[in-house]
Amino acid sequence: MEQHVEAGSELGEQKVLIDNPADILVIAAYFLLVIGVGLWSMFRTNRGTVGGYFLAGRSMVWWPVGASLFASNIGSGHFVGLAGTGAASGLAVAGFEWNALFVVLLLGWLFVPVYLTAGVITMPQYLRKRFGGHRIRLYLSVLSLFLYIFTKISVDMFSGAVFIQQALGWNIYASVIALLGITMIYTVTGGLAALMYTDTVQTFVILAGAFILTGYAFHEVGGYSGLFDKYLGAMTSLTVSKDPSVGNISSTCYQPRPDSYHLLRDPVTGDLPWPALLLGLTIVSGWYWCSDQVIVQRCLAGKNLTHIKAGCILCGYLKLMPMFLMVMPGMISRILYPDEVACVVPEVCKRVCGTEVGCSNIAYPRLVVKLMPNGLRGLMLAVMLAALMSSLASIFNSSSTLFTMDIYTRLRPRAGDKELLLVGRLWVVFIVAVSVAWLPVVQAAQGGQLFDYIQSVSSYLAPPVSAVFVLALFVPRVNEKGAFWGLVGGLLMGLARLIPEFFFGSGSCVRPSACPALFCRVHYLYFAIILFICSGILTLGISLCTAPIPQKHLHRLVFSLRHSKEEREDLDADELEGPAPAPVQNGGQECAMEMEEVQSPAPGLLRRCLLWFCGMSKSGSGSPPPTTEEVAATTRRLEDISEDPRWARVVNLNALLMMTVAVFLWGFYA
């Protein structure tokens, strides 16, 4: 196969340049397809209302819901992180993906029905209705925005930068800024519907490219049996450092783990202990899949509850594939390129990938640039760009929703739809600017622990949120005081672990971290279990010692009362009163509310084009504002969780089938 290589003077300095017509044509065709879908959604969907922009008008059927859930979850961090951890330690990291098969069913069957009957757009808004007060909603909004910027965006930016460096040799800043610009354009212009349609397209691009590369990789290594025959012998030949403080490196630092072929590992000595993987990971996954804005927003856009459940099942089936499309190819990359992917000498690793702690993160990009022929190499670049753009676009849109609905409306409670839409789009621009400013930090933090980084940060900050959401949905006795102080207490515990670990660093086998054992010895997933239990006990204890919330405020806000027909007195009703309506306080009201008419001269042609581009043209609807009866009918439709019994049985049987498949695979690779 033809390769375009610039030979460097040292190991790791080779640059494969995608400068041939076949690769360029594939990349151009992909971008034209994505832009075309985004423009189509601009014409097709209603972006002139808050509900239309943020919830896709509640019109999505099951297959784009499921594809969007999967595409929003699978970013370039998964390609780089899962393959890298697979190269470093074997199959166990796939447990992060297969655990989601069960948790995503909890989302569709237990959590989403309550979110729908509550009539909310954002998760902090649900807690506002459930508990009253402002401090929980504000706390969760700020925490979510913090996690978006410093974990999700940073991971995607880092992993995208790794791939671009390996595949293109372009300037990192120019490449990533261009990607962010394109992502921002179709996020700002298209709203959630554009994201969900482009997510669907990109899901197929991601899977097609990953399947092709997996086929090449298995062919190169000698098939499935060749992988398991050769992986334990995949060791670097360079094991002596010129640094006197390092010298001869212990074989335990460069030999593959003896338990590399097992998902469930020793509870004490394992790098992913099985109790932590089964329990601690479920807690962190529960936060991500059941209360994270990026994921839940996709479900809330579903046509009805049956379509949402079917979408969750489709997402679950898709989550079976990363083991075979990412983890195993990462292991194959170590077999094929042990001196690069499995490097252990600090100065060698520095030359190969720019960091001294290890280069396992280049496992997947290395396969692409070494194995793929012209055209297909361009396809894989398009796959990685699709993953990066999909994940970033999801974060931009969802963080825009959070900021607009949960923070800005506290500052401007009487803001109309037009102002809220404008602020939401400006927030996307601000997030892009922060992302670009964060690039030097991400580049300086290139280490061998990408997937551990995101999971550990989540384990230190997410369990209190998981505990509060679980208790909020299933324990009516929990009140605002208990929930708030449970969150605060959990945050303090998490920071007590997070700050020392990042101050001392995670270290490596060659140069272990100096972090005191009292703070850093406990595995981060074990710590997640401890943090979840402590936060839950604190929340329950304070709730039981203080006054309960009367049941009249809880109808359709807790799981046991999701079918209640009683009229609910919302604890946030004070925000709905006043001379001017607040369009963001009811999940259905804003979905039917058109932008307020402004008596002003007709805008010129240029301004009309700009307003249409941003989804703010008043001529798009072609109909008068809805009547009070129409608003009420729309609200009832959005909060309806009734299902056709026949289709409900179909999705229930499919859920059982998916769980059976998942249990078999867990047992087979245990």
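Positions of Cβ are set from backbone N, Cα and C atoms, glycine also.
In Swiss-Prot, ARG366 does not share a side of the membrane with ILE407; the two are on opposite sides. Looking at CYS359, CYS509, CYS515, CYS520, the record from Swiss-Prot puts CYS253 in a disulfide bond with CYS509. For CYS349, the cysteine that Swiss-Prot lists as its disulphide partner among CYS315, CYS343 is CYS343. Scan Swiss-Prot for N-linked glycosylation site across ASN248, ASN397 and the hit is ASN248. For the recorded positions ILE74, ASN248, CYS343, CYS349, CYS515, a Cα to Cα distance of within 10 angstroms from CYS359 (disulfide bond) holds for CYS343, CYS349. Rounded to a whole number, the distance between the Cα atoms of CYS509 (disulfide bond) and CYS515 (disulfide bond) is 14 Å. Counting Cβ pairs under 8 Å to the transmembrane segment (274-293), the top-ranked stretch among 62-83, 308-329, 450-475, 481-503, 650-668 is 450-475. Same-chain neighbours of the transmembrane segment (481-503): 127, 131, 133, 135-136, 139-140, 143, 456-457, 460-461, 463-465, 467-468, 471-472, 513, 515-516, 519-520, 524, 527, 531, 534-536, 538-544, 546, counting only residues six or more beyond its ends whose CB sits under 8 Å from a CB of the stretch. Cβ neighbour density within 10 Å is lowest for CYS520 among the disulfide-bonded residues CYS359, CYS520. Looking only at Cα atoms, ASN248 (N-linked glycosylation site) sits nearest to CYS349 among the recorded positions ALA71, CYS349, CYS353, CYS520.
In the structure shown, across all protein chains, ALA71 is the one of the recorded positions ALA71, ILE74, CYS253, CYS349 with the greatest number of other Cβ atoms within 10 Å.
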